[in-house]
Structures are given as structure tokens and as C-alpha cells.
Ligand SMILES: [Zn+2]
């Protein structure tokens, strides 16, 4: 089971929800652009975060002479490195998603082909499964213990 910090990281909340126009088709050009903009903004924020972490680590690196301080610092660093690793993976996932938008292959469930839905995609723009398939996948994951 993913931890909560990771789950929160996979959410992006800083956006204006998309309002469908009357008679507008699901995943119209406007809608695709909306999600692309959202993903680009999210990626930007993540990259700034990675930058901040790196600077923070460089600044701190020289500041401790005491061995016990250094041990604590190493722990902190390894935690930050893990966070950065997660952020990098997420950025990769965002890039892949943007690529799918460009190929007009976005917003439908990879498993069953139904519309994933704008609200779900806004909560999780990198989602590739509809909520039903996702729930099923999670149940299977738990049963097989992977
Ligand atoms: Zn599905």
C-alpha cells in the first residue's frame, strides 16, 4: 500500500476545474489543452521542489563536524533522496501523460475503454484506469500481495 505522503504528492489541487460547454464532446481540443496545461504546471512545481531539495542538501552538507550530527544528517539526506526519486518518477509519468495528450490518446480507461471522467482526472491527471478498474486492480494487488 502506498503511503499517504505519496498519495498526496500524486494529487494536484492548484487548478480551476474545467467547465464543459453545452454539447461539448468529452476530450475535446479545449479539454485536452486544459489537462495539458494542468500537467505542465504540476511538472513545473515538482521540478522547483527537486531544485529546492538539492540546494538545501548542498547548503547543509558542510555544516556538521560532530559525528552524531552527521548521522542524523545522513538519515535526513537519504529521506530527501527518496523523496526526490519519487518526484522524478512522477515527473516521468507526467511526461508520458502529456505525450498521450499530444497523441490524442487521453482520458479513456486502458483496461475497459470507458471515459475516466474529468473530475477523476482533475484529482489525478495521470490516471490511466477508470475508478472501477482501479478499484479492481487494487483488490487484486492486495490478494496477490505484490
Ligand atoms: Zn475501466
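Residue numbers in this text run from 1 along the chain shown.
In case you wondered, yes, glycine gets a Cβ from its N, Cα and C as well.
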| task | Among 84-108, 109-133, indicate the range for which TrEMBL gives the feature zinc finger. | result | 109-133
| field | For the Zn(2+) site built from 109, 112, 130, 133, further residues of that chain with CB within 8 A of the site's CB center | value | 110, 111, 113, 114, 116, 129, 131, 132, 134
| Can you tell me the three-state DSSP label for residue 130 (Zn(2+) binding site)? | coil
| task | Based on DSSP, name the secondary structure state of residue 109 (Zn(2+) binding site): helix, strand or coil. | result | coil
